[in-house]
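Here the structure comes first, spelled out in structure tokens, and everything after it is commentary.
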């Protein structure tokens, strides 16, 4: 849980090894690993990572490349579909003791109704105790569970249930932000009444009339202002955010799923965000989009929902829909930083950086429609490399946007991850925010609202990075993205103010915890296990990049340094560092049982070789 007061930060005690002068020779851009762990090779065979994939690359509709070039970077044509049961059991029979009745009858039902033959057709149970039963005291997937023998009595043909554990789980272990089916159906049928955002949209529409009709525009604006209904909550009355020195995990597409975020909460994170949701599918009631605001109860308070939009009307409606249909949301975050071409061409994400008036209308619409949920924004330094625009943009957001917090990723859209984040520029923007906050304290009208938080983002991979930036004047906290994927215990290091040389068994335990959370979330049946395995492989596509600090020749480690081929201090450490996705599948089998022959997983990243010059 986040507390309003954070402890005073002292200068971290940096390990002596990071202060030692490095007299050894190493190749620039290549991680410095102790010689005894290097594998002799004539060239450096490494993996080229396209880390923009975590910022929206899995969204449907990604445009296909026009010309066929040598394939490298991310795999756009990955087959991500997971297989379901060959024989599909009728949902009414999942729990033999349940009184549910098949609505169409056994004769007409397209699902299987013979429990005995269904059980015979199932693959052999996975060894061990069902993670869901162990956590909740019962298993919602019933006899479809792949660990069925751990909670099924074949003599009585009944499921085993632990009443005490079930009662405890009701208050400590459950998921939140489930939208009501009827409300979602109304959105799908376009019958949902957006009572809060409708007058807001009408008012904002009046602000974008053609300037050629200025006189007419003024009259219309007067009419709209007369009919405009004030938002039920002013900025000062919205929920409070506590981001000063908070340990923040960045919004991440695909890998920033609920099990991962839940894992990060156990490893010290204060604030987590949903994967990016698109505003139009949200207000149309699309099931996949409404799965994104779901969270584990442990994430709240401190859970934010991130949305992307190119239209103020869509953003306002999405903000209202989230406010009225969720219960555990601490903030709404507008994505103005996603560099992916699909969103950019649609005017979403980083496209808004060059359209400040549109961005401000979207923020205004969200703020007026989001009830007591504060609105925040995440931006980049600009669109093009060398042409930073964040200072001017942030100045306007402070004056007109009513954002509760601003996060700046220290790269332009054009740069992507090709260069290191510009923390000098982040600090420059932080000074702008700090000065504005100080002016607000002197302003009578500004005294009623809380200061705007400013958060920096980019290349944070150690406690040294974190403290260096948090102790920079004007920067309230730091948001961590790739660093928290490759090294999930990064916030434990921040708390301890030292490097933690996690053993291979400790790292495996972290992966095991993710696997349990994944099964709890996606289910313990064949389909749920397949999904859990797929997302665990996605997670491993980042964790395998970790180089143990105990084998490094110099510290601190850098995210953009490529690792040469190396071996670990034991076989498990070597396995956890494998770049072969087949080894990732082997690791999942330690927790999820043997993968089926038809399990499909294609890594996002393709291998590339570099000459060691």
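Backbone N, Cα and C atoms are what each Cβ position is placed from, and that goes for glycine too.
According to Swiss-Prot, the compositional bias 'Basic and acidic residues' annotation covers 1-20 (among others).
Among the features that Swiss-Prot reports, region 'Disordered' is placed at 1-29 (among others).
Per Swiss-Prot, the feature region 'Disordered' maps to 48-80 (among others).
Residues annotated as compositional bias 'Basic and acidic residues' in Swiss-Prot: 56-65 (among others).
Annotated compositional bias 'Basic residues' per Swiss-Prot: 66-80, in sequence order.
Swiss-Prot lists 90-113 (among others) with the feature zinc finger. Distant neighbours of the zinc finger (90-113): 140-144, 157-159; these residues of the same chain sit at least 6 beyond its ends, with a Cβ under 8 Å from one of its Cβ atoms.
According to Swiss-Prot, the zinc finger annotation covers 130-151 (among others). Beyond the ends of the zinc finger (130-151), by six or more residues, the same chain brings 85, 89, 93-96, 115, 118-119, 122-123, 159-169, 173, 515-516, 519-520, 523-526, 528-529, 593 to within a C-beta distance below 8 angstroms of the stretch.
Residue 378 (FMN binding site) falls within a strand segment according to DSSP. Taken from Swiss-Prot, the feature FMN binding site covers 251, 252, 253, 306, 378, 409, 457, 458, 459, 481, 482.
Annotation source Swiss-Prot lists active site, proton donor at 338, citing similarity to another entry. Within 10 Å of the Cβ of residue 338 (active site, proton donor) there are 27 other Cβ atoms, across all protein chains. DSSP assigns residue 338 (active site, proton donor) to coil, not to a helix or a strand.
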Chain-internal residues, separated by at least six, CB under 8 A from residue 251 (FMN binding site): 273, 274, 275, 276, 304, 306, 333, 335, 378
Of 253, 457 (the binding-site residues), the residue whose Cβ has the fewest other Cβ atoms within 10 Å: 253
Pairwise Cα distance for residue 338 (active site, proton donor)/residue 253 (FMN binding site) [Å, integer]: 10
Arithmetic mean of per-residue pLDDT over the zinc finger (90-113): 91
Per-residue Cβ crowding (10 Å cut-off), top of binding-site residues 378, 482: 378
Spatial neighbours of residue 459 (FMN binding site) that are distant in sequence (at least 6 apart) but have CB under 8 A: 410, 420, 421, 465, 483, 558, 559, 560
